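Structure, as structure tokens:
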Amino acid sequence: MAHIGVTAPALELAGVGHAYRARTVLSGIDLHLPAGRIHALVGPSGCGKTTLLHLVAGLLPLQDGAIRNGFARSACMFQQPRLLPWKSALDNIALGLKARGVPRAARHAQARDQARRFGLDDTALAQYPQQLSGGMQSRVALARALVLAPDLLLLDEAFSALDVGLKAELYRQLLAEQARRPMAVLMITHDLMEAVRLAHAVWVMAPEPGRIATGFRFDDAPAQRTDAQVYARTAGLLDDATVRACFGLDAPAPAAPLALAAVGGLRC
Amino acid sequence: MIGILRQWLAGLPAYLWGGWGAIASLLLLLAGWEFASQWLDPLALPDPRTVLATLHGLLTDGNAWSELGITGRRALTGFALSLGIGSALGMLAGLSMTASMMARPWVTVLVGTPPIGWLVLAMLWFGASDGTPVFTVFVACFPPIFIGAMQGVRTLDGQLREMAQAFALPPLQRLFDLYLPHVLSYLFPAWITALGVSWKVVVMAELLATADGVGAALAVTRSQLDTAGTLAWIVAVVGALLAVEYLLLEPVKREVERWRTLA
Amino acid sequence: MLNRLLAAPLMLCAFRPLFLLAAGAAVLGMAAWLGFLLLGWPLPGVPGGPVVWHAHELLFGFTFAAIAGFVLTAVPEFVDGPAAPRPAVLALVLLWLGGRVAWSASGVIGPWPAAVLNVAPVLVVIALVAPLLWRDPARRHLSILWALLAWLAVTAGFYTDVLRGEPPMRSLHAAIGVVMVLVVIVMSRISMRVVNSALDTLGETAVSYLARPPRRHLAVACIVLFTLADVLAPGAPVAGWLALAAAAALFNLQGDWHLGRVLLRRWVLMLYAVYVAMALGYALIGVAVLTDLGSVSGGRHLLAIGALGLSIFVVMNIAGRIHTGRELDTRRWIPIAAGVLLLAAVARAAWSWWPADGTLLWLAGGGWGLAFGAFIAHYLPLYWRPRPDGGLGCEGVMDSD
């Protein structure tokens, strides 16, 4: 791929650690996320992945190590839609643009364009978040992030509370946006299958203290992956002894472990 | 801004038309009053038409307007002072955990002290001047407004604050798009409660402490055993309160909180 | 002979004979009344005198026939039950006709036959629809049964007064109240369809019409309270306040209808006008009781002509047409007739202020007669012939969903 070169911007984490009071929640995290790639951090609850994302987003002050964010623009989507209840869907989508000082007419036009791609019509855009279904709210939240045309998109368990149909739709929207321009995505999730479906690289985190235990690469384009492939790779990951240990699953590996490499996964 | 104004004006006829429901229930109340007055001595409870005729007489000879004006001035002055100072202090207290912890017992003291106690103190401090009713109204209105403002700031959603930070909202946008809409949704109900309190307290203060205003007029009707006159003044005060609340505060509140009611 | 009569198209469904008889009673009853007032024609001598004759015929004659025709057609449709059997409908028609004759002859033959022949048809209607209303699993339309029982009470109350030799007018006033309640209940059902289908026609999808129960309940409660006060202590100030409360509650009810230009569609506007006339009628009564302005009689006639007459006219044009298997009539005579009825209501109310002005009476009675005469002219041919779609009963337009 042409846009991945030495000069392309990237997100670099070196030796990042974090402690709340006396408890160390993250230690020695190294990560290299180049433009145009999707990296997933998976791990059990409490492994510090949300803390890591907050550090990257600048929501927490950095204590140890270094974060070099070479991307000009980043945007966030959280597990909850986190929309402003007193603003219409349109104004919610345009919120980040307003923060950037985009004039009203221009930001509404951009927000409307983005919303249309998400199947949000003018009626939905005029409504307040409470009037929208949960699925619509999630669409608005993703549109609010993507309308900023971020170089780096941070997803904090963004899809975990949604039903399968809606998940599939938002995956499509995300990958379509990513196909349009070289956007880097750092997503954290506890859903292995979601990571395997969307990511070029899956980093598995172990708890206490949070650290990256192992990682896998999938070099094919996420949009091309079939359900069968995703199931096979997920099963392969779940057969891995390190992964099982990270999630606290007992009895590693059945008699004949599936070869992850055979279904396109390479250990990093 | 023009859009909001247009929406507000477009919603106004429907809002005013909705007043018919309130009018119907008030008329039922009058029917109940009329019914009760048939069984009672007119000295105890005159019928509503007599009272309304008395009120009409008071209004046409001009006295009532000036007394209502005086009372209204005192109530609104006290209310406005409370609104400004209570909202500001409450929001400040809400910003700091320490301050809200400290403020709670003070508010309990304020709430617990009977208004009549404040009134006696005010009479000692301010004598028969306007200061007495205004101060009493101020003290009585202060606690609900202060608590509303403090709660509003304290309950601000941490998740939304985080979102605002992640989307790098500049301070002014944060104030107008995040803090104020949320705090207002707590402040408005508190303001409306306090407005009701102000009208009740001002009449009580005037009754005991001043020579003019509706309260003083009530003192006169009481001494003359004029039940119809007393009820006429009560109707006037309640009518003024209803008018201010439903024609002024309620429409503004509806517009500010439209996002809440449409769910 | 009897079998041939029962098989006639006129007996296909209860509304056919009953709506025609209602309209006939409206025209003849008004003609006799106008003749009495303006031309000095004699009226049958009845207990209570000419005014009682007039009110009795337009309420227990005209109004009851229309109510019976509507209820026997609509209730089976509301609860998905069987239509009234034809012999029962025929018996009802004969009892009703007997009631007309017996009442007008009551000055000669005494009030007992009239009492029996006017109460019996109400019992027949209740016996026919009560099981359907009661058996409906959710009992959604039980309020119609309560209204019919109230109608039975005012009919029985009227004849109790007559037989005891007391002035019976108060029961006739109460009957107007019962009809007003029934109109509010029934219109909430009809308007949901009429207004929303008008919205569909206009292509307005953003709003939909909902007859909100709380507003309706408040209006019904106010009307019931006024009606009770009007019977127990007519002219007392309590009744005045309650009439004003009813007026305000009815204006409140109109708030449901303020959905933009759909209000100007003909069926919507006509139903809305019923509420306007009803609200103004109660307002006029309330003001008249409490002050020396207004006119109680004028208010009652706004209710009787503007609200009762117009609502019956509109409902007969809706239910009385779609249940013959035809779409609603789009011709212009209907809105014109409705306008004439409203004009008649205003003219009659105005006559209370200018009783010397006979023109107002001619306008009022003439407008009433024209509207219901036009109904007979347009519907007699429809009711006399079989359904064009081959339907054999009360069912609505066959191909509609």
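Glycine residues also receive a Cβ, built from the backbone N, Cα and C atoms like all the rest.
In TrEMBL, annotation is done automatically, which means it is predicted and not curated.
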As TrEMBL has it, transmembrane segment corresponds, among C:1-20, C:141-160, to residues C:141-160
With the cut-off at Cβ under 8 Å and a gap of six or more residues from its ends, the chain residues touching the transmembrane segment (C:216-232) are 170-171, 173-174, 176-178, 180-181, 184-185, 188, 238-239, 242-243, 245-246, 248-250, 252-253, 282, 285
Check: Can you find at least 3 Cβ pairs under 8 Å between the transmembrane segment (C:112-134) and the transmembrane segment (C:332-354), where each pair is 6 or more residues apart in sequence?
Finding: no
Q) Under a criterion of three or more Cβ pairs within a distance under 8 Å and sequence separation of at least 6, are the transmembrane segment (C:267-290) and the transmembrane segment (C:87-106) in contact? A) no
Within the same chain, the residues 6 or more beyond the ends of the transmembrane segment (C:55-75) and with Cβ under 8 Å of it are 13-19, 21-22, 25-26, 29-30, 32, 46, 81, 83-84, 89, 92, 96, 99-100, 103, 118, 121-122, 125, 128-129, 132-133, 141, 144, 148, 151, 155, 158, 169, 172, 175-176, 179, 182, 186, 189, 304, 308, 312, 315-316, 319-320, 323, 394
